[in-house]
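Right, one structure below, let's go through it.
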Amino acid sequence: MNDKVALSPEAQAGSHCPPAKYETLYRHSLEDSDGFWRDQARRIDWVREPSVIGNWSFDPVDIKWYEDGVLNLCYNCVDRHLPARADQKALIWEGDEPGVVRSLTYAELHGQVVRMAHCLKAAGVSRGDRVTLYLPMILEAAVAMLACARIGAVHSVVFGGFSPDALRGRIEDCESRFVITADGGMRGGKLVPLKANVDAALEDGPRVDAVLVIRHLGNEVASTGRDIWYDPEAWADAGELPCEPMGAEDPLFILYTSGSTGKPKGVLHTTGGYAVWTAATFHFVFDYREGEIFWCTADVGWVTGHSYIVYGPLANGATTLMYEGVPNHPDFGRFWDMIDRHQVNIFYTAPTAIRALMREGDDPVKAHNRASLRLLGSVGEPINPEAWRWYHQVVGDGRCPIVDTWWQTETGGIMITTLPGAHDMKPGSAGLPFFGVVPELVDAEGVVLPGAASGNLCITRSWPGQMRTVYGDHERFVQTYFSTYKGKYFTGDGCRRDEDGFYWITGRVDDVLNVSGHRLGTAEVESALVSHPLVAEAAVVGYPHDIKGQGIYCYVTLLAGEEPSNGLEQALRQHVRKEIGPIATPDHLQFTPALPKTRSGKIMRRILRKIAHNEHDALGDTSTLADPSLVDSLIEGRRNP
Ligand code: ATP
Ligand code: MG
């Protein structure tokens, strides 16, 4: 499980960070944190440079970075690039149907952002107001985020796949009086009626002053008195609209977490620290080189889309690709086809997509050339070594390094990863801490575990990209992240550190199994199952067991075209036993055509745990589930432990 994949000389050539430099910079970031983050702050153009760098405490909780600095993040992502990059593409967009492409140069992006900013101001949006964005993956989504940042409004992007109820809850929670939406969006050939959903969300619900509607599909939609149809041409002659100078600690955005572990939290990020964190991580982790095309397949409704489709790439003057649709439309070769057509150099996606594509075999990948690829990335869940190897060997032809980036909505940007020019890789391990990040493993009592160990992952020092509060509920912020282990930020994830100091995320702490006194990560058992040639995906949870304390309950999805059988069930038990050891032998296996996932594609183990525990009436918040109907079929197929 610990085999290394060595860094190739090609990956090192021209890298921003060779091995020795990582060591030096990492040491500098710890020994002289303020000096290090003062240097990194030069990635940003400030209206007033900060004199105070880090000023934070985890007990009591109070976090500030660059507090007397003044800046505007839209300026940093757009205006400042105009002298050198006016004609360079900033954003490339491809629609749901292959080959429908639009793009914006930095000069055009500037024009679009200024127009929308004028329109927002005219609609009554002022500095500090919350604006809810409920949009498809279109260029205007990035434009709207930047327009908010330009005028100092706080955006709250709600994923376009959410229901009217989920949208209403998020509008109410952050008391937003403005919504930006589109007539409709397209995903996998299906129309998503965004405007109709907004109308439904606002019916008898929150009072908003205005709904700005972007015409995207031209589908028929109803109009209400609060609607403003957005016409960029109407603002073409409105002239420049200067960027609002913002304090570094002024809020930039609110974003609700995925809801894998409970009711989503309104994570609040501020301006200066987030700007530096996303700019620096993008530069080092993706080792971005001038002129390259970067593609992150996330939706802007998730933090990955915020930090690595919009802010990180644009702050670096990169060209970033946005895709409206899904990986399997019109077929399973879509990603690879797009990589060839747009000559994508860096590709960043999630394990859920990798496993779904792997399930279809190598042919759809091999049908495309992919020669432009230089670097691959993964984010969102632990990536099973099996899926890692497929990504590396088949998608990357064994040439491209993989960065497996561990981070959270709360962390603002990447926290643990290998750097492509600096480190060997270990399939399934996120790798090493980014500059300034100090991970610590503790046991249930909070005792710090040194060296190679397994425990609960905490971060002991603040970093500039850290969230500052849960919007409207600072107590929840303190309780959730700082009360379990006093003086430390608790991530909620379980983790193993190996003898080389590499970190292996083993799953949510709530999901870690305790079988006859042995701690087992759900991720380890899942990876063992996925390494069987017929298994596409697996989710593992514990359930109360009279003798062992906890038993192991496995939900298994087979490769396309494979059928479950008793023989296969036995074979899978044997397989896990052989891979990990007798202690990990599954007690129960349930075959299912699919696993319950959040809208961002993460397995919702808490629902599976409830089903395994036979607590079907207490499933908790299921509003962020992608396919709620799956729950009934899972309950029906449940095995009696
Ligand atoms: P909620 O906080 O509402 O339960 P969530 O934790 O899924 O939702 P996110 O902030 O989107 O919301 O996800 C962060 C979590 O995703 C991490 O805590 C971790 O469990 C998992 N994760 C992200 N990247 C990786 C990775 N590279 N390896 C392992 N796990 C990862
Ligand atoms: Mg979380």
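Just so it is clear, glycine is given a Cβ too, placed from its N, Cα and C backbone atoms.
Summarising the annotation, TrEMBL assigns CoA binding site to R187, G188, G189, K190, T304, N328, S516, R577. According to TrEMBL, the feature ATP binding site maps to G380, E381, P382, D404, T405, W406, W407, Q408, T409, D493, R508, R519. Taken from TrEMBL, the feature Mg(2+) binding site applies to V530, H532, V535. Here TrEMBL flags 22-77 as domain 'Acetyl-coenzyme A synthetase N-terminal'. Annotation comment: TrEMBL describes 84-462 as domain 'AMP-dependent synthetase/ligase'. According to TrEMBL, the domain 'AMP-binding enzyme C-terminal' annotation covers 524-602. Among the features that TrEMBL reports, N6-acetyllysine is placed at K602.
The structure, with features from TrEMBL marked on it.
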| residue | record | Cβ neighbours (10 Å) |
| --- | --- | --- |
| R187 | CoA binding site | 17 |
| G188 | CoA binding site | 14 |
| P382 | ATP binding site | 26 |
| T405 | ATP binding site | 24 |
| W407 | ATP binding site | 25 |
| S516 | CoA binding site | 12 |
| H532 | Mg(2+) binding site | 20 |
| V535 | Mg(2+) binding site | 25 |
| R577 | CoA binding site | 15 |
| K602 | N6-acetyllysine | 21 |
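For the domain 'AMP-binding enzyme C-terminal' (524-602), the DSSP-based tally of helix, strand and coil residues reads 24 helix, 27 strand, 28 coil. Within 10 Å of the Cβ of V530 (Mg(2+) binding site) there are 21 other Cβ atoms, across all protein chains. The sparsest Cβ neighbourhood within 10 Å, among the listed binding-site residues (K190, R508), is found at K190. In the three-state DSSP reading, R187 (CoA binding site) counts as strand. When pLDDT is averaged over the domain 'AMP-binding enzyme C-terminal' (524-602), the result is 93. Proximity of the recorded positions G188, K190, G380, R577, K602 to ligand 1, judged by a Cβ distance under 6 angstroms to any of its atoms, singles out G380, K602 in sequence order. Residues V530, H532, V535 make up the record's Mg(2+) site, and a Cβ search at 8 Å around their centroid adds E386, A528, L529, S531, P533, L534, A536, E537, A538, V556, L572, H575 from the same chain.
T409 (ATP binding site) has its Cα within 10 Å of the Cα of these recorded positions: T304, taken from G188, K190, T304, K602. When DSSP labels each residue, the domain 'Acetyl-coenzyme A synthetase N-terminal' (22-77) comes out as 26 helix, 13 strand, 17 coil, counted as helix, strand and coil in that order. When each of the binding-site residues T304, N328, T409 is scored by how many other Cβ atoms sit within 10 Å of its Cβ, N328 comes out lowest. According to DSSP, W407 (ATP binding site) is assigned to coil rather than to any helix or strand. Classification of T304 (CoA binding site) by DSSP places it within a helix.
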